[in-house]
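J.: Relevant sequence annotations retrieved from Swiss-Prot are reproduced here:
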- 3-113: domain 'Toprim' (DOMAIN)
- GLU9, ASP82: Mg(2+) binding site (BINDING)
- HIS33: site 'Interaction with DNA' (SITE)
- 129-557: domain 'Topo IA-type catalytic' (DOMAIN)
- ARG139: site 'Interaction with DNA' (SITE)
- ARG140: site 'Interaction with DNA' (SITE)
- ASP143: site 'Interaction with DNA' (SITE)
- TYR148: site 'Interaction with DNA' (SITE)
- TRP155: site 'Interaction with DNA' (SITE)
- 163-168: region 'Interaction with DNA' (REGION)
- TYR298: active site, O-(5'-phospho-DNA)-tyrosine intermediate (ACT_SITE)
- ARG300: site 'Interaction with DNA' (SITE)
- ARG488: site 'Interaction with DNA' (SITE)
- 577-603: zinc finger (ZN_FING)
- 617-645: zinc finger (ZN_FING)
- 658-681: zinc finger (ZN_FING)
Amino acid sequence: MADNLVIVESPAKAKTIEKYLGKKYKVIASMGHVRDLPRSQMGVDVEDNYEPKYITIRGKGPVVKDLKKYAKKAKNVFLASDPDREGEAIAWHLSKILELDDSKENRVVFNEITKDAVKESFKHPRGIEMDLVDAQQARRILDRLVGYNISPVLWKKVKKGLSAGRVQSVALRLVIDRENEIRNFKPEEYWSIEGEFRYKKSKFTAKFLHYKNKPFKLKTKKDVEKVTAELDGDKFEITNVNKKEKTRNPANPFTTSTLQQEAARKLNFKARKTMMLAQQLYEGIDLKRQGTVGLITYMRTDSTRISQTAKDEAKQYIEDKYGKDYLSNRTAKGKQGDQDAHEAIRPTSTLRTPYEMKAYLTRDQHRLYKLIWERFVASQMAPAILDTVALDVTQNNIKFRANGQTIKFKGFMTLYVEAKDDKDNEKENKLPNLSKGDEVTATQIEPAQHFTQPPPRYTEARLVKTLEELKIGRPSTYAPTIDTIQKRNYVKLESKRFVPTELGEIVYEQVKDYFPEIIDVEFTVNMETLLDKIAEGDIGWRKVIDNFYGSFKLDVERAEEEMEKVEIKDEPAGEDCEVCGSPMVIKMGRYGKFMACSNFPDCRNTKAIVKTIGVTCPKCKDGDVVERKSKKNRLFYGCSNYPECDFISWDKPVGRDCPKCNHYLMEHKKGRSSQVICSNCDYKEEVQK
């Protein structure tokens, strides 16, 4: 038996670290938390100063037994769980279970799992930081007090199996508030005028800007006619040319939030998937002859700080690959209020390029690693330099403006450009080289009617960004929060955007009326600030909980007495049960709506609700094409006569045949655009709107 025992959370991490430390160290995994509050009871004694009652997590008995066996034989036990509050709490629970000496410095932390970083950390063990543990305990106890008190009220008054949590309730509120904005939105008419102009052989477009040298809003068609009536002929003059040089700086390296956002936009990954892949890259990848190496730094962080060593290595790579002109001369500033003094998410070595790592990674691991690597290296590169030009095109004091932009020096854009949540569809408007006084010819003046649009629903990326901007939750809570409100069927995804369900809105209304603090953004933000103060040792955790629980307990008592029972009525399905002939009804289940026989429990017939798209099956010519969902929740199209007809397609049939070969046409989506195609020949056309 080795003299030194090291305990980490996962087998993958254990395997990587044991190779670095050598034969004198035995590294084993605790498989995450080993102690927690019991599931069968609240586990917090509110009469005894909120003392938590921790028990060994069900199923962890054999793990704890092994940990005790190895700890008894070892001379030294090191606790090397993750470098955050959750990791500190795991170390503390392990210390208690194994009855380790509190005065010993046996806590080891590292931000990256590389040989040098791990070996260096073992030279500087420290004691467990109880302020960090207390911050985690406070969060856990607060969440338990909220969930364990509100959930039974919801079971009694609304429906069994419901829950309401501190952070999840605010996330649900954001989705519902946005939906209400959309419902209450009243579109307003407005117009635009776009002109197409020619200068010699070049053409460019410009948009209406001023009427009689003043800004003029085009609210109606009459406003447009007022402007166009003043135009005389097709000759216009260039009255101003404004050229500027603009620099565009690279984005900072990733934090947890920005990684989740960018992976959603660029890779179409859900937050949970992003974090799972990042964990794998952090804990270690087998690089064959090089051994197992952690490829990225710790992935739960809100810091944009980068170590000097990492900066120097990146700069050397950039100079060798692109030349000195591409080196950044900026001094990047880390975010104020970075928690726990972590670094940003970055590759542990710039020299391990995505191309070289591809052979050792799965497709999705490689895509995420490439994103992290490129974002980090780009953050250390020179800004891009853009030449912008604005042309004023005028006739009779009616002014149009054309804006153009060309890249003078690509800088970091050579490697990486940040994605945007909502890309505008404007094409690049390259402008001819014009001077003040030049004459141009209008080839077309085109008015267009528009209506203002409601605010868009939240994508997962936008919801994560909003939670971070509002300072709700921590890097480790974004993915689980979004996952929870989906699993509870409080929200659903439609076209990759969140829509509240009927159940979600009912739960929200009840929580809003009786537990206003729980869904209050400012209250939740203030609580996060208090948790940070606990971590910094500025306030005691019991005081924070006591200040909250006094008023919350009164809210619970009022809800139990006054909250009216909500009856979620079954909606008629409009068809009869094929088993017993009773009417079918639409019920709300854990995974959404489904059809069930109203004669339950005597008849237990159920079936899924299918949505037809108004197109006859192109294969059997009898059934209807219906929307279905795969096991991975991906939309596909099938025939209502299944299994008699096995028609299936990822692309949506449009109900027309190809004019070239008479095969059926389908709408094929690629990214944000769609095209009607024939799968049998090369025929293509634009989607009819």
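Positions of Cβ are set from backbone N, Cα and C atoms, glycine also.
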J.: Least buried of the recorded positions TYR148, TRP155, TYR298, going by other Cβ atoms within 10 Å?
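T.: TRP155, out of the recorded positions TYR148, TRP155, TYR298, has the fewest neighbouring Cβ atoms within 10 Å.
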J.: Helix, strand or coil by DSSP: which one applies to GLU9 (Mg(2+) binding site)?
T.: coil
J.: Provide the number of Cβ atoms within 10 Å of the Cβ of ASP143 (site 'Interaction with DNA'), excluding the reference atom itself.
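T.: That number is 16.
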J.: Do me a favour and check the Cα-Cα span between ARG140 (site 'Interaction with DNA') and TYR298 (active site, O-(5'-phospho-DNA)-tyrosine intermediate); whole Å is fine.
T.: 22
J.: Could you tell me the C-alpha distance between TYR148 (site 'Interaction with DNA') and ASP82 (Mg(2+) binding site) in angstrom, no decimals?
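T.: Per the Cα atoms, TYR148 (site 'Interaction with DNA') and ASP82 (Mg(2+) binding site) stand 28 Å apart.
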J.: Is it possible to get the count of other C-beta atoms within 10 angstroms of the C-beta of ARG140 (site 'Interaction with DNA')?
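T.: For ARG140 (site 'Interaction with DNA'), the count of other Cβ atoms within 10 Å is 19.
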J.: Considering every residue in the domain 'Toprim' (3-113), what is the mean pLDDT value?
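T.: In the predicted model, the domain 'Toprim' (3-113) has a mean pLDDT of 94.
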J.: Give me the count of other Cβ atoms within 10 A of the Cβ belonging to ARG300 (site 'Interaction with DNA').
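T.: ARG300 (site 'Interaction with DNA'): 26 neighbouring Cβ atoms within 10 Å.
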J.: Work through the recorded positions one by one (GLU9, HIS33, ARG300) and name whichever has its CA nearest to the CA of ASP143 (site 'Interaction with DNA').
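T.: Nearest candidate: HIS33.
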J.: Going by Cα-Cα distance, pick out whichever of the recorded positions GLU9, HIS33, ASP82, ARG139, ARG488 is nearest to TYR298 (active site, O-(5'-phospho-DNA)-tyrosine intermediate).
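T.: The smallest Cα gap between TYR298 (active site, O-(5'-phospho-DNA)-tyrosine intermediate) and any of the recorded positions is with ASP82.
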J.: Calculate the distance in Å between the alpha carbons (Cα) of ARG300 (site 'Interaction with DNA') and ARG139 (site 'Interaction with DNA'), and round it to a whole number.
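T.: It is 17 Å, counting Cα to Cα.
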J.: Measuring Cα to Cα, how many angstrom lie between ASP82 (Mg(2+) binding site) and HIS33 (site 'Interaction with DNA')?
T.: 11
J.: Run through ARG139, TRP155, ARG488 for me and report the recorded sites whose CA is within 10 Å of the CA of HIS33 (site 'Interaction with DNA'), in sequence order.
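T.: The recorded sites close to HIS33 (site 'Interaction with DNA') (Cα within 10 Å) - there are none.
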J.: Non-local Cβ contacts of ARG139 (site 'Interaction with DNA') (under 8 Å, 6 or more apart, same chain)?
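T.: ARG139 (site 'Interaction with DNA') has long-range Cβ partners ARG85, LEU531.
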J.: What is the Cβ neighbour count of GLU9 (Mg(2+) binding site) at a 10 Å cut-off, with all protein chains included?
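T.: Here the count is 22.
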J.: Using DSSP and collapsing to three states, where does ARG139 (site 'Interaction with DNA') fall: helix, strand or coil?
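T.: Note: ARG139 (site 'Interaction with DNA') is helical by DSSP.
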